[in-house]
């Protein structure tokens, strides 16, 4: 145990509580790697045991999206297994049923093996960035995702999406078709490089956004390198990079002839003595408080502690909230003591007043950054806070308890807390329900808050909301998610997904594609701004090829609303597109697609009725025209505080 520093301003101490959880040693012994594979009774990407998906995802609505191989690959016996077959088989074994790809000359032979692998569906994307975003979305719905691109030009295009997956703690296998193994070390220049005879530029770029890198240019250790990389992705719940030399994929090797074996992902174990001390200290801290509260953070996902948090909330009786970046992870939005989203000055109604006036608060898995803290302006004090991260607990200005797993801690703490409903009673006393929008005149221009009132009515246990970065965040935080939502240990599915840490606009298009592929029994409702859509619009095409039936709401307000709120300028105005016309052109009579443009509530209601009725099996694209100035009320204080944080004067050094 180590002692933390004394009380410090919020902007100084938040960085400690948001540090990544401890990293494990990536150097695994050869024998451990040879005798490891994913246990069929172990949850993909988890550090604890549960159940793998019973079957891989298949093409949806009867529309196959598998690309046919360029040549026939004969059925290979156990003694003839090739590198490409081994990698494809490994992906299927860990629960990957769909791989998102862009072909290039260095990965074509590898793609042939993926096409012929039973249980593996190759989905060709329009560009590498969207392939990465799709793998991100797939990992959210299935526990692990994969994409395949070509050397450097593909790798450096997909790397932005890989960085986003890293920030969100998503296990993702990024596979790159690499140069011929004979070209390494020969001091010659290849195409798809920057003109230097050094092939490590791409590798060096990926080292900071992946937890493990494998360059396979030798058959002797290929199996070991591949298995180690996959094992590490699942163990660390982070992306990994695997480069495969293009001339090795079709060559058999004895190490590929073994029957499928299992990676054993041992659960992380707490130090029992430290765990008991942490629980004792936390229970004493909270039980002496008059009005304690609990707040869920996004690291509940990586700790697989969403259900445990809900159990603690139920046992303690505490008023509890979620951070904006954790919305949808816990199943407590219909709990009697749920008080909303805590997000400083832009929290949902009356939530901040209760959290910030508490005399003790437990934050489970928080990430405090400039966005989640609204420009470092949260009115919380370190000496009142218990910060629980996936592998450690920090109690006020007191000690830090390391080697304590979040699940173990929350379960044990639930047995030690006195039931206390004071904070919730205070919330109930001051709470006033949100008023409904004023009655509107017929054909009155549509307002954004009216749009989300209708989206609220669409949500059910059979839908998942994919939410783009920007002003849409604030409107979607007010959505009441369906009963039973949350990231459950058995289903892996969450009914609400967004990317708040990395906040890469355009992410939602690829994520919608990937999530829908991984969860064909869920209908995705995507909320995307016009500026974001212009970044990644092409892969609406891939959604059509795959026969997906997502509903996309394209909010057309003519520009970058959030950026304009932070710092206005002519660069925040974008060229208006005929968005429905674009999607109709992409459709081109192939696949099932329905589009509509709406300008008032009556047209919106009719479009939603059509999308959920006669066109329920189609990809539905609804362009919503709203006024450029029609932002959420939360955007004003949020953007002003973020602008103030960005414009702080340099501190003399």
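Backbone N, Cα and C define each Cβ position, glycine as well.
Just so you know, TrEMBL annotations never went through curation; they're auto-generated.
From the candidate list 530, 584, 617, the residue TrEMBL records in the Mg(2+) site shared with 557, 559 is 530. Averaged over the domain 'Thiamine pyrophosphate enzyme TPP-binding' (501-624), the predicted model reaches a pLDDT of 96. The helix, strand and coil residue counts that DSSP assigns across the domain 'Thiamine pyrophosphate enzyme N-terminal TPP-binding' (83-188) are 51 helix, 21 strand, 34 coil.
Counting other CB atoms no more than 10 Å from each candidate's CB, the binding-site residues 530, 557, 559 peak at 530.
Neighbours of the Mg(2+) site: apart from 530, 557, 559, residues of the same chain with C-beta atoms within 8 angstroms of the site's C-beta centroid are 529, 531, 555, 556, 558, 560, 561, 574, 628.
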